[in-house]
Amino acid sequence: MESLLSSSSLVSAAGGCCWKKQHLKFQSLSGIRVLRCNPSKVLAKPKFRNNLVRLDGQESSSLLLYPKHKSRFRVNATTGQPEAFDPKSKRNSFKDSVDAFYRFSRPHTVIGTVLSILSVSFLAVEKISDISPLLFTGILEAVVAALMMNIYIVGLNQLSDVEIDKVNKPYLPLASGEYSVQTGIAIVVSFSVMSFWLGWIVGSWPLFWALFVSFMLGTAYSINLPLLRWKRFALVAAMCILAVRAIIVQIAFYLHIQTHVFGRPVLFTRPLIFATAFMSFFSVVIALFKDIPDIEGDKIFGIRSFSVTLGQKRVFWACVSLLQMAYTVAILVGATSPFIWSKVISVVGHVILATTLWTRAKSVDLSSKTEITSCYMFIWKLFYAEYLLLPFLK
């Protein structure tokens, strides 16, 4: 620290403040060198941003310069006495860590994964006695393994898109600098290994193959290697999302419950076929819609999404039209159900969803990134609602 005073003026670590040397003096407090100055002689307000910070954050005639990470050795600059440890700082640090991981995991995809597996699993239920601890154990195995693979996929995508996300999604931990690249790599590797390990020890081949195919497509979609990074190509990117969200989730996790948990033969039921077809539409909509608010960064980094090539407005209304078509088919399928309760729930439920979507779409300002992003999250809520309706389709 004494080296900072070797010239006639003091320049802070942030490069933003200086004092005349004659107004500075050192006082030794318990073996620690404390810098005192006359605040009226300060030429520029000090700002310590990097590895040297103010002790108290107030305008005082006493300052103590210390490294941020040495918080346990802080000393009160006015009294010269050691500061008491503040347990709130530790709690805040823990909350910040949880919040960063929450954002890293992309919670809207986590919720979608959980609801889809729960919904599809109940399509395999044939009688009341099927709802048993055995069923819930099988669901739990699938949900935990799939969530860990989901974190691998979204994490790898963030690792591959750090520079793009600084433009499109600066709040994500890697883009904001809260996570280092090394931390991101450690998380995605750990969760992929744990996912495969759980899928293997469970012994369900439908579950294991669902994880493996998701891993391969998620890697090819994001990773920047020759012939890969398929997200650069709009049609291929949409097919990747469709394959995972529409086909693998519906069929593989249904077969996990049907064959591994219940020990029954493979059987493709009417609700399963409808769920696969409907979610194919929905997955295409999600694949197209997610790029609408990201058009700025995609243009800069050469991602040829449909929003970039066709324009935001065209893609937006194409997505709305696809969903309205899917809801129309769902209403017709529900109306043909032999069960009155299934007919009522399916028809009324899908009419409400279609009406809500149309009302919301008409109110969106397509020149506002905030409104488009909000509408995209609304599309995910419709996705969740559909999985709540699917078990009632018979």
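Quick reminder: no glycine exception, Cβ is built from N, Cα and C everywhere.
Going by TrEMBL, these are the annotated features:
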type     : residues : note
TRANSMEM : 110-128  : transmembrane segment
TRANSMEM : 134-159  : transmembrane segment
TRANSMEM : 179-201  : transmembrane segment
TRANSMEM : 207-227  : transmembrane segment
TRANSMEM : 234-255  : transmembrane segment
TRANSMEM : 267-289  : transmembrane segment
TRANSMEM : 315-334  : transmembrane segment
TRANSMEM : 340-361  : transmembrane segment
TRANSMEM : 373-393  : transmembrane segment
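Between the transmembrane segment (134-159) and the transmembrane segment (207-227), the number of CB pairs under 8 angstroms, six or more residues apart, is three or more, so the stretches are in contact. Using a cut-off of 8 Å between Cβ atoms, the transmembrane segment (234-255) and the transmembrane segment (110-128) share at least three residue pairs, counting only pairs 6 or more apart in sequence. Counted over residue pairs 6 or more apart, the CB atoms of the transmembrane segment (110-128) and the transmembrane segment (340-361) come under 8 Å in fewer than three pairs, which marks the two as apart. Residues 274, 277-278, 281-282, 284-285, 288-289, 291-292, 306-307, 342-343, 345-347, 349-351, 353-354, 357-358, 361, 364, 366, 372, 379, 382, 393 of the same chain lie 6+ residues outside the transmembrane segment (315-334) yet bring a C-beta within less than 8 angstroms of a C-beta in it.
At the 8 Å Cβ cutoff, the transmembrane segment (267-289) and the transmembrane segment (373-393) share at least 3 close pairs (sequence separation 6 or more) and count as touching. Among residues of the same chain six or more beyond the transmembrane segment (207-227), those with a C-beta under 8 A of the stretch's C-beta atoms are 141-142, 145-146, 149, 152-153, 156-157, 159-161, 192, 195-196, 199-200, 237, 240-241, 243-244, 248-249, 252-253, 256, 260.
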